[in-house]
Each structure stands twice: as C-alpha cells, then as structure tokens.
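Annotated features, as they stand in TrEMBL:
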- 14-88: region 'Disordered' (REGION)
- 33-50: compositional bias 'Basic and acidic residues' (COMPBIAS)
- 72-81: compositional bias 'Basic and acidic residues' (COMPBIAS)
- 184-206: transmembrane segment (TRANSMEM)
- 226-250: transmembrane segment (TRANSMEM)
- 262-280: transmembrane segment (TRANSMEM)
- 292-310: transmembrane segment (TRANSMEM)
- 331-348: transmembrane segment (TRANSMEM)
- 354-374: transmembrane segment (TRANSMEM)
- 386-405: transmembrane segment (TRANSMEM)
- 411-429: transmembrane segment (TRANSMEM)
- 441-461: transmembrane segment (TRANSMEM)
- 473-497: transmembrane segment (TRANSMEM)
Amino acid sequence: MNVGNHLVDIHEVLHEGEEDKEENSNTTSNMADKSEKRLNRPTKNREIKRPPRKFSRQVSLETGFSVLNGETSKDKNERKVLGRSGKSFGGFGVNGSTGIEARNKGDFSMFRTKSTIARQSSKIPLRKESGIDLQNNNVKGELDDHVKKSVPAGRYFDALRGPELDQVKDSEDILLPKDEKWPFLLRFPIGCFGICLGLSSQAILWRSLALSPVTKFLHVPLFINFVIWLLAVGVLVAVFTTYMFKCALYFEAIKREYFHPVRVNFFCAPWIVCMFLAIGAPPKTAPGTLHPAIWCVFMAPIFFLNLKIYGQWLSGGKRRLCKVANPSSHLSVIGNFVGAILAAKVGWKEPGKFLWSIGFAHYLVVFVTLYQRLPTSEALPKELHPVYSMFIATPAAASLAWGAIYDEFDGLARTCYFISLFLYLSLVVRPNFFTGFRFSVAWWSYTFPMTTVSIATIKYAEEVPSFITKALALALSFMSTTMVCILFVSTLLHAFVWKTLFPNDLAIAITKKRYSKDKKPLMRRWTKHSPLSFVTSIGKHNSGDKECVSDEEK
C-alpha cells in the first residue's frame, strides 16, 4: 500500500478460529515458539531502515489492554474477552477500579463451603457463552482465588488495626460489601467462645467458694455452682452448634479465621471450656475421680493445635512468634495448664507434669516477646483493650496447675501467683484505659483472667490464712462476679434488643494482596498517546512482565 512516499507491508490478519486451529495442530512444546514468531513478525520499511516493530497484526486499543491484563492470568496463552458495552476499559473501571472491586453486592457465595464445586463447573466452556459472561467468570474466578488461597499473617497486620485485629484501616478494600448486612453465620466470630470461658470459669469459682475452708463463714450454697454450670453448658451448646453450622456452610470463612494471627488461638477455647466444665462440675452430678477418657477427648485437639501453632512459632517462617505475637497468644498456652489440672483430677500426674512443662516454656517466650513488642509494636496500640487481660491468666493458671499436680501451693506455685497478681494490679490502676472503645464480644476476655486470679487467691489463702488474704480473695471474687454479670446483661441487650452484637466481620474479608496504586497514573499516561503508539509499547511491556510481577510480590 502506497502511503505518500513510504511503503509499509501490512501482514494478513488471521481470524481467531484459524489461529486456534493452527495452534491446536502444533505440539505443546512448539506452541510458545509459534506464538512468539507470529507476535514478533517485523514491519519493514523499503526506503528508510528502522528497527523492527514488535506487532504482527492490527490491534485495537481495547485488545491491547486485554493483552496487558493477561499478565495476571496463570496461563500466558489465555485471552480475555472484553465487553463492548463501553463501561469497561480493558478490565479497568471508569473510576479506576479493577474488576474485582466491581463485584455484585450481596454475593456471599465466595465464602460458602461448596464454592469449589461452583468454581469447577463455572470453568466448563459453553458454546453459547458470550463475551460478557466470560468476563464475569474471570472476575468471579479472581475473587475466588483471593479467598481460597491462604492469607499471609503479615497481611492482617497491614490491613487491620487494634489488638484484636478486627478493625479495617481506611485505606483498605474488602471482598464483601460494607453497606449491607451480611448473613448471620458470616458475622458470628469464633471469639464467641470467650463467653463460654467466662461462664465456665465462674462455675469453678463458686465451687471453690462453697467448698473452701477459707470462705466457709459465707455459707455459699452449692446450688449457685449448679445453676452457673448449667448456664455455661447451655451457652456452650448454643455457641458450638452455631459455629458448626458456620463450618458446614461457610468453611472458607473458617479458614480465614484460622489464618488470622489472633483468632487462631481461640480454636483452643471450646476444649478449654469443656475441661473447665469437667473441673467445676457440681459434686452431686460428678464422681470424685473423673474417667481418664474425658481428659483424652478434651486434651487431644489442644495438643494437635499446639503442634501446629508452636511449630509455626519455632520454624522461623512468616508466622514465627516475633511476627504474630499478641496478647491472645496466651490462650494457646493456657490450654496446657488447664489440661494439667484435669490430668491431676483424673489421677494422671505424669501427663500433667508433661503439659505443665510445655506450657511454662512457651509462656516465658510469649511473655518476653510481648514485653519487648518487637515487630508487633505498630499493630498493638497503647490503649488497653480487653484482650490485654490475658497477661494475668497464664501465670494464675500455672500456679493452680502446679498446686493440683503436687497437692500443695508451694514456692513455685506462689511465684506464678505473685506474677499474675502484680500484672492484675498494674492493669487495674489504669482505669482510663478501659474506656474509649465500643462494646463487643472481646469484652468477655476480662472475665476469664479475673476469675482465674480469684481462684488462685483462694488457694493461696488456704495455705497462708490471714485477714489480708481472705479479704483479697473475697474482693477479687466479687469483682470477677460483678464483671460477669455486667457483661452477661450487656450481651443480652446488644444481641436481642439493640441487635448490634454481631456487626459485619470485616476482618475475614480482606483481600489476599494489597492492590498496587501505581496502575492509575500508568493508565493515564498511556491514554495520552495514540492507539498506534500504545500498540508498539505492548511488546516492551510484555517483556518486563516477570519483573513487574516479582516487584508486586515483594
């Protein structure tokens, strides 16, 4: 074709069906070479020698963007079909948002348990499938990829804030809509087992108040212990049943909670509650010596969780202790001490000593790591939140376990008790830290540590009887019971009257990777050029795909 005084060869444009036939006829080893040769076919100028241009056929502006977006797909030969509605600009929205952000509101299927089957069926090619349907499937596939892949622990610290890591930062985008109410099971967190921890530990406290010689003058009836124990059993059954429904229907959300650096520790809570109920069972309903099978059933899940969690702390990976340490890490350590108490109650003292040694060793490293606040100093603000009370629960449980194993509250048991008592006082003298945050299920984290210290104080008063120790035991027990009553009434009001107890659980809906903010100005710079100049830059951009991907991963 003669254009002025310049002659330019324009090669024949192959039809899409002809290209597919040609590629299917070749072997998989030569497929990449053929496509490269076809894309890199040079354009010759007969009069002026110019460097070869890396395009072989006429490429529209939209198709150019489709090639550019191909870098995110796993298969480099996979091509995206773009809608011609004018509302999309090569996979980018009009306002600069990606296709993942342009999701349909109210679509919670990505967190459902059977979403994997839907993903497999959606990838089956249909002959009557339109380009818009393919585009929607690609967007849905990208959404599912963000869900089914494990979220790195550091991603939670980058996207969330607060010691419970349940508040999304303003600069973050989530996978589910914020402006509408989610299904109840998606809003039901595993932290609800904290309610069971508070009630079951109260059953042990009132059993001690009724049977201890130190508080015999109070004439506390065992009926109170029986009522609280039944209430704790009922709440545990309700919470456990609800969470099992969540496991059955929204297993992807359960996986997200398991990878959460704070909530992973609460997977030990149901079994700790069961051991609390076994320890604090009323004397009329439980025999003097429990069957060892009870200890085996309740302790086995905690032991396997310890192997998983402690192995991650020790292996030095992305979930090592210095990266994921937070006050709730004490909960995975407390399970060993509670298991040691139950082992002593069933008559197995040696397994109790084994668990106590494991728990004490890991308590030391958790305590030192949290005191130094190394990499997690930005994630843990200075304000006191309920989860900080976990500091006082572990040494108090260690003192009770040591006393139960060796049948005396000796020097080591008292040392652990004094540590917990000092930490308790150091938190109580800062009442201004208890205000300034909304009510949530996390407030139940106050009850369990306060009750554990109260029980340890009763045991200490039995060994060292005096007016001060008795008054301290009564004061701590009264404060613990008062806190449980206040939180129980507040929970009922927020759950059934105001219906604000379970807001949208934004912590499990964060994206796997942070979206790069460099894409928007890059698009604006490309749109200033003509379509032909943009097409000539596609080859250079594709040659640097690997470097761009590696930079984004870093």
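Glycine is treated like the rest: Cβ placed from N, Cα and C.
Under 8 Å from some Cβ of the transmembrane segment (331-348) lie the Cβ atoms of residues 264-266, 268-269, 271-272, 275-276, 278-279, 289-292, 294-295, 298-299, 302-303, 305-306, 309-310, 355-356, 358-359, 362-363, 366, 390, 393-394, 397-398, 400-401, 404-405, all in the same chain and six or more residues away from its ends.
Relative to the transmembrane segment (441-461), the listed stretch 386-405 leads the set 226-250, 386-405, 411-429 in CB pairs under 8 A. Of the candidate ranges 184-206, 226-250, 354-374, 411-429, 184-206 contributes the most Cβ pairs within a distance under 8 Å of the transmembrane segment (473-497). Sequence-distant contacts of the transmembrane segment (184-206) (same chain, six or more residues past either end, CB-CB distance under 8 Å): 108, 111, 164, 166, 176, 220, 224-225, 228-229, 231-232, 235-236, 239, 242-243, 245-246, 249-250, 253, 257, 263, 266-267, 269-270, 272-273, 276-277, 279-281, 441-442, 444-448, 451-452, 454-455, 477, 480-481, 484, 487-488, 491, 502-505, 508.
Within the chain carrying the transmembrane segment (354-374), a Cβ under 8 angstroms from the stretch's Cβ atoms is held by residues 299, 306, 310, 313, 321-322, 325-327, 329-330, 332-337, 339-340, 343, 380, 391, 394-395, 398, 401-402, 405, all 6 or more beyond its ends.
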